[in-house]
Amino acid sequence: MFITRWLFSTNHKDIGTLYLLFGAWAGMVGTALSLLIRAELGQPGTLLGDDQIYNVIVTAHAFIMIFFMVMPIMIGGFGNWLVPLMIGAPDMAFPRMNNMSFWLLPPSFLLLLASSMVEAGAGTGWTVYPPLAGNLAHAGASVDLTIFSLHLAGISSILGAINFITTIINMKPPAMTQYQTPLFVWSVLVTAVLLLLSLPVLAAGITMLLTDRNLNTTFFDPAGGGDPILYQHLFWFFGHPEVYILILPGFGMISHIVTYYSGKKEPFGYMGMVWAMMSIGFLGFIVWAHHMFTVGMDVDTRAYFTSATMIIAIPTGVKVFSWLATLHGGNIKWSPAMLWALGFIFLFTVGGLTGMLLANSSLDIVLHDTYYVVAHFHYVLSMGAVFAIMGGFVHWFPLFSGYTLNLTWAKIHFIIMFVGVNLTFFPQHFLGLSGMPRRYSDYPDAYTMWNTVSSMGSFISLTAVMLMIFMIWEAFASKREVDVVELTPTNLEWLHGCPPPYHTFEEPAFVKV
């Protein structure tokens, strides 16, 4: 019974739970790796050997956090759990394909871990640029294992994307129009389209790299008429939409949380929010070369990518100000989930501002591959995506489990995490402006102070992670039942109680407008 329920599951709630558990476990591995990085950089001098092992840790940290933590939790966990409930569907459109999407991830994770264990490991950074990733600079199986791992994770995401698109377009009840769909459902739809369009390009790029390494092709080798810059174009055509894939479901969750805890019936500017997400999704595909300002593009090309990148700030600003307008005049409830949402809005905006600075091709020449870039994307990921995940988790935990967290501890947890991540990443702006480059295991002692501060912050974040594990244990141990939840048009997922029955919406639902 246990085997049939959890191994062969076709139930969206069970698969969502599997995704959440897998993402939490992978997140702890990724956090451990990030602490190794910060321990190495906590003071000048060497801690862990040479730069190769350091870069293997950096590479594994990036891949694990992106492909095995943020995406499984946001799209697999929250997406599977909430999308069918929010649109009144009995399950996902392809329940068995849903199961396969999940079970492709553990083998993929295993291959990634194997890549860091065999030979010298893949010390390429998550971008896996040739010629460093070629068979001379990285002889052995490591990079090949990484490529296979990415293939499996990519197939998993593509299948999941097909499933979500079909479910959202096809499985709404007849009375529900696309414009009565909750914003989280919209965000998952846009995310799924981005995945479906960008992942095949990554698959092509890394397959060409695989044949360059093993079958003597020369796609990326100038000696045979190839060009390593081609790989960068292919990778970033995937890589830039990918960062929007990581944040868009978070936008959807934040919209729900802000609306709910402001005591509002609906978010401010619903259609504006929908159009903003679709604009971000479209623009995300036409700005990729802003990651490549230093490879020597024409000045007019650089001008275009600078301008196009800055345009993305407009729909993003629409979303930020709509969240603030949703808060305005509301009866605000300072719950832990609301704290995460407010922290998200502030810190994501800070990360967006540093991104505006980096969008300038001339400034980026100076700041490229320094800690300024690291600070920028960790503000939008470590304090954007992660804060959205945490807010969504404490908000929907009663729905998933039927029990409530201790709200005092949840607030303390937020404060510790807030202090920790800011102490970790704010000083990295200073390091970057002072010219400290990324992906080095050591540094001149002029950079000691801010690196030490940054490493202290990372250990504060670690205590926050440990407190969260304890909070979850405490909730299941204490078994506090859930009070009745007020139903509004934006939180129909609570309709069936906490937790909902194994099968929901077995008959078509009707939407009263």
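Cβ atoms are placed via backbone N, Cα and C, with glycine included.
Swiss-Prot annotations:
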BINDING   E40, G45, S441  Na(+) binding site
BINDING   H61, H378  Fe(II)-heme a binding site
BINDING   H240, H290, H291  Cu cation binding site
BINDING   Y244  O2 binding site
BINDING   H368, D369  Mg(2+) binding site
BINDING   H376  heme a3 binding site
TOPO_DOM  1-11  topological domain 'Mitochondrial matrix'
TOPO_DOM  41-50  topological domain 'Mitochondrial intermembrane'
TOPO_DOM  87-94  topological domain 'Mitochondrial matrix'
TOPO_DOM  118-140  topological domain 'Mitochondrial intermembrane'
TOPO_DOM  171-182  topological domain 'Mitochondrial matrix'
TOPO_DOM  213-227  topological domain 'Mitochondrial intermembrane'
TOPO_DOM  262-269  topological domain 'Mitochondrial matrix'
TOPO_DOM  287-298  topological domain 'Mitochondrial intermembrane'
TOPO_DOM  328-335  topological domain 'Mitochondrial matrix'
TOPO_DOM  358-370  topological domain 'Mitochondrial intermembrane'
TOPO_DOM  401-406  topological domain 'Mitochondrial matrix'
TOPO_DOM  434-446  topological domain 'Mitochondrial intermembrane'
TOPO_DOM  479-513  topological domain 'Mitochondrial matrix'
TRANSMEM  12-40  transmembrane segment
TRANSMEM  51-86  transmembrane segment
TRANSMEM  95-117  transmembrane segment
TRANSMEM  141-170  transmembrane segment
TRANSMEM  183-212  transmembrane segment
TRANSMEM  228-261  transmembrane segment
TRANSMEM  270-286  transmembrane segment
TRANSMEM  299-327  transmembrane segment
TRANSMEM  336-357  transmembrane segment
TRANSMEM  371-400  transmembrane segment
TRANSMEM  407-433  transmembrane segment
TRANSMEM  447-478  transmembrane segment
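Against the transmembrane segment (336-357), the recorded stretches 12-40, 270-286, 299-327, 371-400 differ in Cβ pairs under 8 Å, and the greatest number is found for 371-400.
Of Y244, H291, H376, H378, S441, all annotated as binding-site residues, the residue with the shortest Cα distance to H368 (Mg(2+) binding site) is H291.
The secondary structure of G45 (Na(+) binding site), as reduced to three states from DSSP, is coil rather than helix or strand. When Cβ-Cβ distances below 8 Å are used as the criterion, the transmembrane segment (407-433) is approached by residues 38, 335-336, 339-340, 343, 347, 354, 367, 370-375, 378-379, 382-383, 386, 390, 394, 447, 450-451, 453-464, 467-468, 470-471, 474 of the same chain, each at least six residues removed from its ends. Proximity of distant same-chain residues to the topological domain 'Mitochondrial matrix' (262-269), defined by a Cβ-Cβ separation under 8 Å and at least 6 residues beyond the stretch ends, is recorded for 183, 255, 318, 322-323, 325-328, 330-333, 488-490. DSSP places the residues of the topological domain 'Mitochondrial intermembrane' (434-446) in helix, strand and coil in these numbers: 2 helix, 1 strand, 10 coil. Secondary structure by DSSP for the topological domain 'Mitochondrial matrix' (328-335): 0 helix, 0 strand, 8 coil. Cβ proximity to the Na(+) site centre (mean Cβ of E40, G45, S441, cutoff 8 Å) flags the following additional same-chain residues: L41, P44, T46, L47, L48, Y54, D442. Here the transmembrane segment (141-170) sits against the transmembrane segment (51-86); at least 3 CB pairs are under 8 Å, leaving out pairs fewer than 6 apart in sequence.
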